[in-house]
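A quick write-up on the structure given underneath.
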Amino acid sequence: MTYAILIIVSLLLISDRISNVVDKYCSENPLDCNEHCLKTKNQIGICHGANGNEKCSCMES
């Protein structure tokens, strides 16, 4: 049980770091989000959020 909790916490921390890396694509240059999604998932990248530049999401075209 303890191992399961440690694995879940580790995965949550890793996914949080990944999302923070993706978020920087929109804050620096919105075109970076699109390039990131094209290279990693062959999808279109779209920046969104309260200010329009807080989160990068990949979507199928």
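Glycine is no exception: its Cβ is also placed from the backbone N, Cα and C atoms.
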Between Cys33, Cys37, Cys47, which residue forms the disulfide that Swiss-Prot gives for Cys58?
Cys37
Are there any residues at least 6 positions away along the chain from Cys58 (disulfide bond) with a Cβ closer than 8 Å to its Cβ? List them or say none.
His36, Cys37, Thr40, Lys41, Gln43, Ile44, Gly45, Ile46
Cβ neighbour count (within 10 Å, all chains shown) around Cys26 (disulfide bond):
25
If you measure between the CA atoms of Cys26 (disulfide bond) and Cys56 (disulfide bond) and round to the nearest Å, you get 6
